[in-house]
Structure formats: structure tokens, C-alpha cells
Amino acid sequence: MADKKIRIGINGFGRIGRLVARVVLQRDDVELVAVNDPFITTEYMTYMFKYDSVHGQWKHHELKVKDDKTLLFGEKPVTVFGIRNPEDIPWGEAGADFVVESTGVFTDKDKAAAHLKGGAKKVVISAPSKDAPMFVVGVNEHEYKSDLDIVSNASCTTNCLAPLAKVINDRFGIVEGLMTTVHSITATQKTVDGPSMKDWRGGRAASFNIIPSSTGAAKAVGKVLPSLNGKLTGMSFRVPTVDVSVVDLTVRLEKAATYDEIKKAIKEESEGKMKGILGYTEDDVVSTDFVGDNRSSIFDAKAGIALSDKFVKLVSWYDNEWGYSSRVVDLIVHMSKA
């Protein structure tokens, strides 16, 4: 007998919300039962889901609006809410056990806990959180305990960096390191120069500029891999591409290793324990080659360099939208088995 599907609700139908929905609808072990977004109508929700400038048109089910409160994916009904206050969303009635909190607004434990009042059993925040435990699938998800009701799936960049850093640290030891992510545009940026009081550079036109920015992704690796706490930090350059980003991790190693030995170690892990999370390529790839890649981190063997046998620069690609959304669902599946 087939196991009961894991029932998922999504709060916030932005880039990650919509792509998590796409991932869920293409899998057999999970089921989308409800979506909440107070800022869009059901009809507009259908349009936003169906057409995607990066990932293309949805071709798996016919999509219809049954009524204001119901979408049909093929024959499958999905309940739609338009409720502003998370505690008022009746997840329980809709049958949602897990809620993906992808508004970007309710990222701390207290705010995300509001979903539990409406009947959700667990909440996964699709962003870093200052106080919810963070999990990176392939790195520390085994530390999840079933009494944790609110967790964070960390950031897309932490999901790219952590598997790579784990392999390097396990095999060779990391003394210290700096990360740079060359990162595609995201929704918080501006199409033309505009006001951005908290981040002045971030208010400059996204499609015209390389914009230096801060990121907590490298420090967050220290939360999911405590042995690296205080050893990594990093920054970001926002560049005018719409999806796919790349991490440059420059580290000092404890144990001397040739670049070939490092490549071999990463390749082994990518075919072993980390298969499906960490990838490995020796092809002459560029960013668009990774659109739709569901792995968290794809090591580019040809792009990295070594200065000496203890000082190396490693390069790893990630589809910051699709890879990350895939991990959100993987984390939920893992939690449901705990």
C-alpha cells in the first residue's frame, strides 16, 4: 500500500512559493492542498503559476479556476486563501500538515508560529531565520528532531556553500575562508534607481549594474556545521542575470592537497553520500546551463584554481530558485519521516 502523501500548504506565492508548488506537483510523495496570498486574486495566481520567464510555461496539468477559493490542477483541487494574518489561515481545515512560509516577512520563530494556530503541524521558513533552527539537506538534516515545529531551510547560497564546505572540511580541514557569491537579481531589487534606505547600493538599477551586497550565507554555514563557526564569512555581487548564481569559495587548508586531489574528493562525494545535492562537472559551462538544475551546488572543476597546496579557490554553481525550492520539499519529506 502506498504511504499517505505529505500534505503541503504554501504561504506567499512569490518566486519561491510558485516554484515550490511546481516541485510539489511533479512529485508523487507530496501533495499541494492550499495556497495563501492576500495580494493576488485566484485568477492572477493561475496566470503567475502558468507563465514563468525563467523556467518556462507549466505543461504538466491543465490549470483552471474552479471558483474564487479553488484552483484545479488537472482534476486536483487546491484551496486558495487571501488572508493577511497568518494565524487566521485555516490550514487545518484545508488538510495542510506542513506550511512553507515563503512571504519573506514571517521569518522568525514567533511570527512563523502563527501558522500553528490555524492547524498546521510544522512550518518550514524558506529563508534564513535569526532564531529558528536551520537545516541544509545533505549537510545537517539528520539533526532534525520531531519535536521541532518551526525550522528554516537557510538561504539558497548557504545551500550551495555548505555541501562544498563540508566536503572540503571533512577531507582536508578548513583553516579559514572567504566566500563571494555572484548572484542573480532577486525581487527586492529595483528596475531603475529607486529609494532603498537600508541598502543604498541595493536601490540602484538591477539590470545595469554589478552591485556589491552583504550576505549572511557564509556565516550561516557555521550554524549548520558548528566546526566551521567563525571560520567563514562572505559577500555578494548582484549581477544582471535573472537566475543561477555562482559561489567562489577561497580557503586555506589544514592538510596539503593538490587541486586534482580536491577535485577527486568532490567527485567521489557527488557520486556517493551527496548525490543529488552536490554535483560535479568538467564541462565548459556558463550560468544558463544550470537553469532548472535541482541540485544545491554543482562544482565547476575547470573554473577553480590553486595558488599552493594549502590555498585554493573553488567554484560552484546553483540555480538559486529551482535548486532551493527542491530542497524545501526534500526537507519536508525528511521531517515527515522523523
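Using N, Cα and C of the backbone, Cβ positions are placed for all residues, glycine too.
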(message) Given that Swiss-Prot assigns SER155, CYS156, THR157, THR215, GLY216, ARG238 to the D-glyceraldehyde 3-phosphate site, pick the one from THR186, THR191, THR250, THR258 that the record assigns to that site as well.
(response) THR186
(request) From the candidates ASP37, ASP67, ASP68, ASP300, give the one listed by Swiss-Prot for the same NAD(+) site as ARG15, ILE16, ARG84, ASN320. (result) ASP37
(message) Checking the contact step here: among the binding-site residues ARG15, THR157, ASN320, which have a Cα within 10 Å of the Cα of HIS183 (site 'Activates thiol group during catalysis')?
(response) THR157, ASN320
(request) List the other residues in this chain whose Cβ sits within 8 Å of the Cβ centroid of the D-glyceraldehyde 3-phosphate site residues SER155, CYS156, THR157, THR186, THR215, GLY216, ARG238, in sequence order. (result) THR181, HIS183, ALA217, SER236, SER245, ASN320
(request) Quick one: of ARG15, ARG84, ASN320, which binding-site residues lie within 10 angstroms of THR157 (D-glyceraldehyde 3-phosphate binding site), measuring between C-alpha atoms? Sequence order, please. (result) ASN320
(request) May I ask for the distance between ARG15 (NAD(+) binding site) and ARG238 (D-glyceraldehyde 3-phosphate binding site), taken between their Cα atoms and rounded to an integer number of Å? (result) 17
(request) In three-state terms from DSSP, label ARG238 (D-glyceraldehyde 3-phosphate binding site) for me. (result) strand
(request) With THR215 (D-glyceraldehyde 3-phosphate binding site) as the reference Cα, tell me which of the recorded positions ILE16, ASP37, CYS156, CYS160, ASN320 is the closest one. (result) CYS156
(request) Starting from the Cα of CYS160 (S-nitrosocysteine), work out which of the binding-site residues (ASP37, ARG84, THR186, GLY216, ARG238, ASN320) are within 10 Å. (result) ASN320
